[in-house]
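See below for the structure under consideration.
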């Protein structure tokens, strides 16, 4: 076997190796390689036998051809389908699929398209989360049960991952070869139906450009689809169907569209009941009927940007997972081992006549046995409606509460809470409170916002402060307030700051700071349009739709829901100087600045009155309370005499400017002087504020 590649030394090495193999009884740990390929002992022996009659090149080539034949046999067309796909029909036979409820119509339409002689390719079109994949799983279950036309009663639905067809195809022609193997596999099986989720990905999939001559997946499949040699079920969204599939007319006519709409709330509850058992078994959590209904109702109310049943199922799954984590499963092995140890200790105690100790050990054994018994097949936790509310709060940040007795009392008292913060504006507070009570109690009509109000009046009387307090009272923090200063929206291009720019303009892809995007991210918000009279007329035109229909379409075509927002517009224009003006006077005055159709959209137009000195007495107390909150961080208490309060009111009172001068006086005379005193006496624990010689003085105690 002497040649350019091997010499006699290699022959001797090979003979010794074969002799060692024969003499050794332990062959399981030995591996043999030829040309980088792992081979068995028999293949190696065959190779050595051929070595005397053939050259090394011929022997290596023969071995490679044999290996390729073996690989081809192992990856036959039928097996190729199994390698890259899931057999949904087989999973249905094995009971691995969730039950599909309320989709009989869509399943029937899909089955009818599949039973056609040609162009038997249904495509399920619907928004994300409505259950397109579930319909295909329902069809697989219907095939197993025999509730389908005779033409497809023996079909096997194979779910194909498109990425698996592209994996490893680094050389030209490899992708096309995979597709041909797929098509041949379907032809040879004669009963396979391929299911492509996100089927829009087949457009251009595998193509490397027009100059390379490499075709994409859709181009390769078109002839087989039109002749009925291969049957495909597709699933995609409305947008992807319009932007990808419909642009290819030849591909579109080979598919038959099956529309999949969002199920109703009632159907979604039935869907949750159908899958409840699997979730209970998985999480070991009991899920009563009222919890299922709460999942649907609260997800509809607080997660409007997603669709049923997906969002309701997610809420149910997250809640059960959270409860399961709070009640971890008992470690059965460790517990049984501990019981065995305690039994041994008990016997020793009895032998030593330590009966009290033995009794204590027996009680511990009984406790562990009870835990084992309760955890063996039993649900360790029971979900409640309150748990669903907590899940919604974690997902959205909205403090969700149910209409229980405490919440009813809270709604009743909302006006008194607001009046304690907004001084001297009882009429405005009461009007806003009525709108909120009506909405939270569920007596609103249509899809309009919770409330829309126009606050008019002089500066510094509490218009903006009422909006802030509403955000805190309803949604828990000031971050729920979206404040827009209309002086920034006075030019003709300001509308792009509201809804974003349209296609073809700069900034089309970046709408992150627009009003519509802020509301989409935080659907429960108080929207404040400050000094609305300064806004461009186009802004007011947009607000007509928001206040009437409760939605707004942004520059990218997305419909944003404003149903759960409170819209407040403020204006300094046309307010009266008197304190006893009637509603008709305000409306008549506002018509000088705003169009009648704009004013007519508001739930209420409220005049904020000038503040008198009695109102400032309550306001100064609120401002001093804010100072005390700051001092609490330093561990300092504060006492302010009545003379000091009267002095602050006298210095800060201005009927035309409202409460803002008083805020400045408190900042300059109280905060600044306490700061100066603290810097000189860092160990101070208490400060007293009083008037001496018509001047505010600060005295402290350590």
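Note that Cβ sites are derived from N, Cα and C of the backbone, with glycine treated the same way.
Computed from a predicted structure; not experimentally measured.
Under the heading region 'Disordered', Swiss-Prot lists 46-80.
Annotated compositional bias 'Polar residues' per Swiss-Prot: 46-55, in sequence order.
Here Swiss-Prot flags 56-74 as compositional bias 'Low complexity'.
According to Swiss-Prot, the region 'I' annotation covers 81-332.
The Cβ of residue 130 (ATP binding site) has 23 other Cβ atoms within 10 Å, all protein chains considered. Classification of residue 130 (ATP binding site) by DSSP places it in coil, neither helical nor stranded. Among the features that Swiss-Prot reports, ATP binding site is placed at 126-133, 457-464.
Each residue in the domain 'UVR' (336-371) gets a DSSP state, and the totals come to 33 helix, 0 strand, 3 coil. Annotation source Swiss-Prot lists domain 'UVR' at 336-371.
The region 'II' feature in Swiss-Prot is assigned to 383-575.
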Over the region 'II' (383-575), what is the model's average pLDDT?
83
Measure from the Cβ of residue 126 (ATP binding site) and count the other Cβ atoms within 10 Å, all protein chains considered.
21
Should residue 461 (ATP binding site) be counted as helix, strand, or coil on the basis of DSSP?
coil
Based on Cβ atoms within 10 Å, give me the single least packed residue among the binding-site residues 132, 463.
132
Binding-site residues compared (128, 461) - the one with the fewest other Cβ atoms within 10 Å
128
